[in-house]
Amino acid sequence: MDKASRLRRKIGAWRTFAAALVLLSVGLTVVVIVLALRDPGKSKPSTCGAKSKNKNFIDLSEPDKPGPFHDLTKYEMKRLREFLEKDPNIHIEPSETAMVNQSSLYTMDLYPAKKQDVLRYLDSGGPQPVRQARAMVFRGDLNPPVVEEYVCGPLPNVEECTLLKSDQRRNPVEFSLRPVSLQEFDAVYKIVLKEVDNKIGYILQESYGTSYHSCPPEECFKIYPSPLATNLVDDINMRRLWVWAEYNVEYYGLHPVDFGVLANLDGSDPKKYSVDKIWYHGQMFNSMDELIVGYNSSKIEKSKLKRPENTRDAFSSLNQRQDNPLPKEPLRPPTLVEPDGKRYTVKDRKIDYLGWSFHYRMSVLTGPSLWDIRYNGERIAYELSLAEIAVFYSADNEIQRITDFVDSGVLIGSHSKSMVPGGDCPESATFINQSFAGQSVAEPVELTKAMCLFENNNGYPLRRHLSYSTSEGGFYGGMLDSVLTFRSIMTIVNYDYVFDFIFHQNGVIETRVMSTGYISGSFFTDKERPYGFRTEENFIAPIHYHIFHFKADLDISGTSNTYETLDIETEKVTLLSVPNKEYYQTKFVRNVKNTEQEALYKFNFDTPKYHVVHNKNKKTKFEEIKGYRLALHGMSKQLLPEGVNSEKTIPWARHQLVVTKHKDDEQVSSSPYAMWDSLNPVTDFSKFYEDDENIDDEDLVFWIASGMHHIPRAEDLPLTTTVGNHLTFFLLPMNYFPTCPSVTSRDHIRIEYKDPKNPSEGVRVERNGNSYETCSMPNTAKDYDELLQENPDIVIESRLSRGIL
């Protein structure tokens, strides 16, 4: 080929290439124009739930006319306070000026109406019972001072407050047994600890490098209170409080020093509060003067501690450690998606979800509770609630040794707040606020995100079966366990308790509590070794016992119920197929409990049993019992001797299950005075069953105790984790339904042959009308973070003082 031909060929190739580039450019231009002209909404999936025909909705507003289970509304609380301030006999002081020696409102709560009146309203069209409130008033103005509790109504326009009367407890109550309050803590700090600083502040500075008052505020001691129960001092009118000293480092509870003050808080005049005893460097002193003599003469061993630095990587800090982050690069964790929106409705504090319905409350005194729980319109439980929390410690040192907390004494419900999306609950959860009233606030305080509600699947099947081979039938059927969870988290000083009420699609109700938060510990000495492990230079966390009490007022096919156990036993039989061969197997024997004391239950591995409640007049079509079973999966043994020391305040912990005849007078198993009242408990749960009433064919209440012994370890630092710390009990249908009620769920997936006679044609998948469409998630995390910039008090106290005690 000559040079000219080669040149022409090159020119032709370049022309072809250029033409192709032109066509490609035109095509790309057309694509860009088309994309630009398209509906931008179609360029990405719609927000989850936006296009759904879902008719569920969330309405968290307070109703004008609340029902019998609704917590006190802000309007009702405001009107009640106004009445109490004007009432000539009660005459509480305004919150801004109220003092210990005056009449002051401690708190108020809904006073539940009588059960039969409520059932008449719900089931028979009767009138709604009058709404009433329970008001707790500290009468520091009386001589002697007392605590009085009143029943006030009708709400919201209160006409009278009368002293609460009950056969199961006294009222008024000794002033020495009152729950702890911010007023009292303020007096301890300003009077008792000021006296300590004035007299032995130099000892504190030399020993610990700080004190209570004579120090920069950010470096002064933090205090941790431990009540001394009246049973230990043998005087119902003595009020003593140990106040531990701890370094103000995140978190102060993990930085105790070997110093504490036993404060004398007798009476209602804070000016008379004083120092009773001193604990210093492993030794008890009967007065500050005694300590001064020993210290100045060098006759006692002296402490010499250095204040720890408040660094980002301190062992007690909750900052993420950045030396070896996981994953190596930022990758967000899995999250929940609700592709068609919420499958539940909330209105007037009532929740409806896939056949379930119930009302929810947050009692300031006892915490979360559910009411009128129904499945497909049939009532399963009238009430399911937390009744009490307690934690009892052990130690060599005197302060931790007597630390027996009974938490209704610090208003359990008021400690659920500031739950964080993506940290405490899924980002898709519905967060619910809660309003309370109390001593230090003139107006009701609305605590944000006090509860959350969400649906999630547990990641495992509720039920499933695969018949893979043709000889087995060739099909699959199954569904994940998608549940609705109602959650609250109580942060009570150092510990955080997660309470869940979980509703499954097979008619099961699960109640769960998980423990997390900071452990409570002591200054380490060799004498503490029998009680715990040394986990830091000067820190040891001792063994302690967590115990929780729940109330389940069950109404299975009505209020006439019977409790029986199905006792599992072994039997010896003879095999017919193998002559003269003995064979052992198990069977169950039905055992109806006729009285309250017959029903008292302590777990025994040698006598396994089912706990069943049913209406003996309502049976299945095969004449079998139709009821519900209580499955207790959080049982533990309370080891302390009965009736000794602070055990008298928690007699409800003696049995894992107690069944009593319903009485409106026996609303709760403990009292807000139980932190102090061990010498003469205001509410003694053992008296609930002492009369040994008949419980066959009666309205029954089941009291469930769950607990665990905790021996802390290094991995409990900085926080105890919830894994391994789950306590649960279940309400499981027992022949209550003809089949598993989840068979109607659209969540079910079935896979079967297109033609059973010709499996080679393949399979079909049935998803019961559920869509394949995808959706985009709202940016909840970003929205929440931006909200905190505007209002940081949503999560931690920043600009407002919102204490409610």
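Glycine residues also receive a Cβ, built from the backbone N, Cα and C atoms like all the rest.
According to TrEMBL, the protein carries these features:
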ACT_SITE  D407  active site, proton acceptor
ACT_SITE  Y495  active site, schiff-base intermediate with substrate
DOMAIN    78-157  domain 'Copper amine oxidase N2-terminal'
DOMAIN    335-742  domain 'Copper amine oxidase catalytic'
MOD_RES   Y495  2',4',5'-topaquinone
REGION    42-63  region 'Disordered'
REGION    305-338  region 'Disordered'
TRANSMEM  12-37  transmembrane segment
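Within the model, the domain 'Copper amine oxidase catalytic' (335-742) shows a mean pLDDT value of 96, rounded to a whole number. Mapped onto DSSP helix, strand and coil, the domain 'Copper amine oxidase N2-terminal' (78-157) counts 19 helix, 25 strand, 36 coil. Broken down by DSSP into helix, strand and coil, the region 'Disordered' (305-338) contains 0 helix, 0 strand, 34 coil. Residue counts for the region 'Disordered' (42-63) under DSSP (helix as H, G, I; strand as E, B; rest coil) come to 1 helix, 3 strand, 18 coil.
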